[in-house]
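Heads up, the thing below is written out as structure tokens.
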Amino acid sequence: MALSEPTSLGDALGSDAGPPSLGDAVGAAAATVSMDEFSLVVDHLWLLICAFLVFIMQAGFAMLEVGTVRSKNAKNLMIKNIMDLAAGAFVWWGFGFAFAYGGGDYSGGPPNGFIGAQGFFFIKGYEPCDSSETCLFPIQPKYDSYAGWLFQWAFAATATTIVSGAVAERCSFLGYVIYAIFITGFIYPVVVHWIWSPYGWLSAFRDPEIASGVWVSPGVIDFAGSGVVHMVGGSISLVAAAILGPRIGRFDATGKMVSMVPHNSAFVGLGTLLLWFGWFGFNSGSTLALSAKFILLAEKVAVGTTLAASGGGIAAICMCFVKDGYLDLPHLCNGILGGLVAVCSAVAVSEPWACWVIGFLGGCVEFWMAVAVQKMKVDDPLDATAVHLGGGFFGLICGGLFGTRLNTDAAYSEDQPCGAFFPGCGGQQLGVNILGGVMIMIWCMGMAAIVFGSMKLAGILRISQKEEHIGLDVSYHGSAAYDDTLDGSGSHKYRQHAKQAIQEAIEEGDEQQA
């Protein structure tokens with residue numbers, strides 16, 4: 001396509017031209033597109049495609065979680081994963097995005113580094129297009145492009161979904177709704193504002209012309225969310241699982257963990273592959289643009305993402321063989337995810353070899369942290385704490401270690417410090433990244449303790465023992481996920497069978513008490 005300064009359709013076709021053909025119209029359209037306009041369209045299209053890829057990650061999480069739990073809770077996990085998107089979109093539109101990226105404060109003063117205060121429900125969300133900027137329409141969104149909003153919503157849904165795996169099989173649906181609203185609408189957006197907004201007190205993208213207040217220079221390097229997304233989900237997961245308590249039968253009378261085998265290993269493997277696929281949008285899309293130099297950065301990030309998944313999977317399957325004497329699918333899948341989580345922070349500033357090393361070490365961290373969480377008697381069915389908190393914090397550390405001067409200049413700026421492993425870079429970036437990780441844990445764990453502790457005190461967090469025995473699918477959703485009746489009569493017959501089983505269990509319990 002030829003790129004030039006805009007001309008009129010008449011000029012492009014010629015004054016003597018007859019009725020334009022399709023080819024003439026296409027040629028005229030090409031002639032009216034400037035380089036700036038073309039770059040703008042490409043960048044917005046890139047964000048849209050990457051948002052769709054991150055959306056697919058929700059299908060990956062759903063398959064992974066459904067396959068890992070027991071079959072009697074499969075429908076419940078699927079409903080929660082879909083609700084993360086449906087309810088999450090409403091909450092992100094209403095409050096989350098404004099808290100994350102909105103400027104100003106509630107008294108009409110300048111923006112602050114802690115939380116945003118503008119853009120709720122897109123109210124007053126438009127402004128005339130500045131003539132000094134490249135515009136496709138006379139008006140434009142005031143706070144971000146619609147593609148940017150969609151991309152960030154997909155990230156917010158990811159942070160919330162992480163927690164659903166940690167509390168699987170025993171959290172009430174009301175409890176799920178309440179914590180999901182708090183995570184999507186408040187806890188996660190605050191961390192986003194700190195590190196990714198131009199106003200945040202830990203942001204490497206801080207704009208001194210519009211930001212005010214405290215700033216920890218030079219800001220955290222967290223390119224795709226090792227801390228912002230994954231540590232948020234992982235920190236909340238640990239607290240939530242601890243407060244909620246283990247599933248019935250997870251630990252025996254001596255405190256030894258009892259294995260609960262995934263009911264569908266094919267779902268576990270397929271979910272992991274979908275997540276890996278979506279991660280290309282998650283990481284490469286964090287360039288937020290594709291024009292100019294960003295196409296090369298996006299390519300390098302995609303390669304680094306691939307190598308980190310490779311390193312994580314190899315590390316975990318080796319650790320599994322050393323510890324257990326056999327090769328198991330869940331460990332392989334969690335190792336891949338641990339490597340992907342760990343590389344998110346440094347993927348744009350590191351060389352490909354470093355991304356593989358980060359992934360390999362991230363897989364090791366995930367594996368042994370999962371063992372440590374089990375030793376603490378915390379029941380985390382999906383190992384969300386190990387994958388996302390362990391891998392995320394390790395990833396932030398790597399963001400302060402592996403960044404080369406050349407890559408940091410390309411992805412951030414010449415003012416951003418490079419990694420401590422390289423001569424002349426120093427340890428400033430490592431220190432800021434560690435501070436960022438610690439602050440994320442303090443904020444998220446503190447808020448999670450308040451939210452989940454309050455629900456536990458109110459008696460609305462956990463389902464009853466009878467409901468847990470029979471399963472959340474029948475207890476909350478009317479029927480089982482799978483029709484195990486011989487004649488295929490399905491849900492009605494199963495409901496009658498379930499009611500009878502519950503009644504018999506109640507009567508048996510009454511007889512024992514008597």
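Backbone N, Cα and C atoms are what each Cβ position is placed from, and that goes for glycine too.
Just so you know, TrEMBL annotations never went through curation; they're auto-generated.
The domain 'Ammonium transporter AmtB-like' annotation in TrEMBL covers 45-482.
Among the features that TrEMBL reports, transmembrane segment is placed at 45-64 (among others).
Feature annotation from TrEMBL assigns transmembrane segment to 85-104 (among others). With a cut-off of 8 Å between Cβ atoms, the residues of this chain six or more beyond the transmembrane segment (85-104) that come close are 55, 58, 110-111, 115-122, 143-144, 149, 152-153, 156-157, 160, 177, 180-181, 184-186, 188-190, 192-193, 196-197, 199, 210.
The feature transmembrane segment is assigned by TrEMBL to 146-167 (among others).
Panel annotation: around the transmembrane segment (174-196), residues 80, 83-84, 87-88, 91-92, 94-101, 113-116, 152, 156-157, 159-160, 163-164, 167, 202-205, 219-220, 222, 227-229, 232-233, 236, 240, 436, 439-440, 443-444, 447-448, 451-452, 455, 460-462 of the same chain, lying at least six beyond its termini, place a Cβ under 8 Å from a Cβ of the stretch. TrEMBL lists 174-196 (among others) with the feature transmembrane segment.
Same-chain neighbours of the transmembrane segment (223-244): 155, 158-163, 165-167, 170-171, 179, 183, 187-188, 191-192, 195-196, 282-283, 286, 301, 341-349, 373, 376, 378-380, 384-385, 387-393, 395-396, 399, 411, 433, 436-437, 440-441, 444-445, 447-449, 452-453, 456, 461-462, counting only residues six or more beyond its ends whose CB sits under 8 Å from a CB of the stretch. Marked as transmembrane segment by TrEMBL: 223-244 (among others).
Listed by sequence, the residues of this chain that lie at least six past the ends of the transmembrane segment (265-282) yet keep a Cβ under 8 A from its Cβ atoms are 49-57, 59-68, 155, 158, 224-225, 302, 305, 309, 329-330, 333, 336-337, 340, 344. Per TrEMBL, the feature transmembrane segment maps to 265-282 (among others).
For 302-322 (among others), the entry in TrEMBL reads transmembrane segment.
What TrEMBL lists as transmembrane segment is 329-350 (among others).
If one looks beyond the transmembrane segment (356-373) by at least 6 residues along the same chain, the residues whose Cβ comes under 8 Å of a Cβ in the stretch are 238, 307-316, 319-320, 323, 331, 334-343, 346, 350, 380, 383, 385-387, 389-391, 394-395, 398, 402. Residues or ranges marked as transmembrane segment in TrEMBL: 356-373 (among others).
Summarising the annotation, TrEMBL assigns transmembrane segment to 385-403 (among others).
TrEMBL lists 430-452 (among others) with the feature transmembrane segment. Through the fold, the transmembrane segment (430-452) approaches residues 175, 178-179, 182, 186-187, 190-191, 194-195, 202, 216-222, 227-228, 231-232, 235-236, 238-240, 243-244, 345, 389, 392-393, 396-397, 399-401, 419-420, 461 of its own chain, all at least 6 residues removed from its boundaries and within a Cβ separation under 8 Å.
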Positions on the same chain near the transmembrane segment (45-64), where near means CB under 8 A and six or more residues out: 77-78, 81-82, 84-85, 145, 147-148, 150-151, 153-155, 157-158, 161-162, 164-165, 267-268, 270-282, 284-285, 287-290, 298, 333, 382
